[in-house]
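Visitor: The structure is given below, and queries will be raised subsequently.
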Amino acid sequence: MWTSGRMSNAKNLFGLGVSLYFWGLMDLTTTVLSGSARPLTEGQEDNLSDKLHQRMKRSWVWNQFFVLEEYTGTDPLYVGKLHSDMDRGDGSIKYILSGEGAGIVFTIDDTTGDIHAIQRLDREERSQYTLRAQALDRRTGRPMEPESEFIIKIQDINDNEPKFLDGPYIASVPEMSPVGTSVIQVTATDADDPTYGNSARVVYSILQGQPYFSVDSRTGLIRTALMNMDREAKEYYEVIIQAKDMGGQLGGLAGTTTVNITLSDVNDNPPRFPQKHYQMSVLESAPISSTVGRVVAKDLDEGINAEMKYSLVDGDGLDVFDINTDPNYQVGIITVRKPLSFESKKSYTLKVEGANPHLEMRFLNLGPFRDTTTVHISVEDVDEPPVFEPSIYFVEVPEDVEIGTTIQIISAKDPDVTNNSIRYSIDRSSDPGRFFYVDVTSGALMTARPLDREDISWHNITVLAMELNNPSQVGSVSVTVKILDVNDNAPEFARFYEAFVCENAKAGQLIQTVSATDRDDPQEGQHFYYSLAPEAANNPNFTLRDNQDNTAWILTRRSGFRQHEQNTFYLPILISDNGRPVLSSTGTLTVHVCSCDEEGMVMSCNAEAYVLPVSLSRGALIAILACIFVLLVLVLLILSMRRQRKQPYIIDEEENIHENIVRYDDEGGGEEDTEAFDIAAMWNPREAQLVVKNRQDMLPEIESLSRYVPQACVMDNNVHNYVLAKLYEADMDLWAPPFDSLQTYMFEGNGSVAESLSSLQSVTTDSDQSYDYLTDWGPRFKKLAEMYGATDSSGALW
């Protein structure tokens, strides 16, 4: 029999006694041996069934263990004790603990059965552990008791403060809301056990935000606490809410959150115009829809509550001006609705109203939500260009109208009071062909050249009117001239027609269908009539049939055509139109007599045509010709490639003089390296031709070009002549480098008193140099002689 307990089981936990719970094994379906379960055999099940009908003695008594969380002691926390009634206290019984946390969180003394917790327990992480206990014979390892299960429950302490998991909060409430209007509900969560004590009982309070808002201590619902809160006075509020457990008692843990509350706008402010009178002006030449001015009504509200609707409610310019509302800036834009005239009316007065289109009934007592202002508009006089009446002209003219015929009178006048005289002209960019002319004074529009509808059917010209006293004032009008058609073009064949007739053709066989075109465009449509020309009316070979649909058929009148007799026929055809007057033309149809096969396919239209062998088909002949053509192209390509192939260049050290570059594989020795260049040759060009000194340690790839200079050219006494010599050499030598090659010459001309100034002749030792020779160079080197020449103790040069 199992028993369990604690030493007085801590007889009280926070003043609460621990109850023992006992239960017995009421249903057995398996036999437990050595901690493993196996199914009962059929005989065992029958034996067990008989026993269940008898009163069975309880084999063990059990209970639950309770232990506090967050134990902070240094010693393992004693949980309870397991004991078997078969344990005689001689250590022959060994207790084993298994299940959740066994060996890690909980340990058992295998001799005494004492259970201890060796880790800190947190109920919020795990509220209970289910374990199994077994008693074994220490010597044989045989189970002394069936394995039994028990629970260790973790008891809660107040170790978690309330937390607002969704904070901080953002909320809004309409301004001017009544007291008690709900704003937002906040919720704090306490991880402690809500079924044990008051550890998880949360009470809400407000720390900041009074007297504007209040919070329900039980639900956390925030409400307004002050009436008539005005957004225009204060818009944002920061409210701090505290949640405290233990029912708000002393010693409870607390958490806070911030609620940012914004007062949303309502339409509680009527619009007002800051000015009761506006003065505006507009030019009389202002176009339709142009802006005259702007008016604005101020509204302290925002968004939809500040939207405005402007309208004209009174005045003498209601039909001349209009007002529109700018939805972005809520301003009223006054525009021109009709043309203005300073000569007709010089000023207008308008009464403008601005109103809120979106009203709230509960704030109508704060209204009216509309306001008015007066706008005075003055029309300013301008020197306007002439105005045409009407503003556009449309003229129809037949294309055969005579030159100089007046087709339209153009009229314009000066709208100003001065009523200046008008002069007319045509904008030549609109009439580049100069087909029309306008009278300067009368405005009579006349034809100046013959008109042809088939070339240009529409003319869009611009007539200008200019004030005589102010040429800068020019008005214009568009004149559209439609050229009407007259029948002045005879019909003709749509294309060149060429027909073929077989030698074996029969009488009445169709050999060609012809059609015609006419550049004219009569109102009743085109209709052509076909017939043979009078000279071919009795043609014995061919006849013509008019199809009455603007086409005609050409038919054979006989059979038995022969190439050797006549291989070409010319058939004149007369084509007439339906215009007034009727116009006609004669077209010629060329008919060739050809040899055809039995199916009527043309084989040859030449009397001397080559007759193909019977055994060679046309397809075979085409294939042979194609092969011959391909072979010919290949031969020509090969010959062309051979001709264009260039001879390879022969690289010769003596001829490779295209660059004056010397390359070595070792580092140069500077001025001391006398093997690379003939320094004497660089001092004096004459020596360059006398001695050509090559480097001894290795052969340069390209030698200096100086050795190619002719002797006669090198004997010149200055650099200019030397360069001319090089130019002459380049002109005469096809293998010389181009003129843009970089040539460096390190010598002075022979006429220099100082001779060569090259650093190549400098002394290479660190000893002092003597500059006494500077005094012998003449007056141009006197300053250098004074700076570097030696002086005696008296200060004179020596």
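Cβ atoms here come from the backbone N, Cα and C positions, even for glycine.
According to TrEMBL, the protein carries these features:
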DOMAIN    84-164  domain 'Cadherin'
DOMAIN    165-273  domain 'Cadherin'
DOMAIN    274-388  domain 'Cadherin'
DOMAIN    389-493  domain 'Cadherin'
DOMAIN    493-615  domain 'Cadherin'
TRANSMEM  620-639  transmembrane segment
Visitor: Run through the domain 'Cadherin' (84-164) and tell me, per DSSP, how many residues are helix, strand and coil.
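Guide: Result for the domain 'Cadherin' (84-164), in helix, strand, coil order: 0 helix, 36 strand, 45 coil.
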Visitor: Mean pLDDT across the domain 'Cadherin' (274-388), rounded to an integer, is what?
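Guide: Here the predicted model's pLDDT, averaged over the domain 'Cadherin' (274-388), is 91.
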Visitor: Just to be sure I understand, if DSSP states are collapsed into helix, strand and coil, how many residues of the domain 'Cadherin' (274-388) fall in each?
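Guide: Across the domain 'Cadherin' (274-388), DSSP assigns the residues as follows: 10 helix, 54 strand, 51 coil.
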Visitor: With DSSP helix as H/G/I and strand as E/B, how many residues of the domain 'Cadherin' (389-493) fall in helix, strand and coil?
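Guide: DSSP composition of the domain 'Cadherin' (389-493): 0 helix, 48 strand, 57 coil.
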Visitor: As a quick check of your reading of DSSP, tell me how many residues in the domain 'Cadherin' (165-273) are helical, how many are strand and how many are coil.
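Guide: Going through the domain 'Cadherin' (165-273) residue by residue, I get 3 helix, 45 strand, 61 coil.
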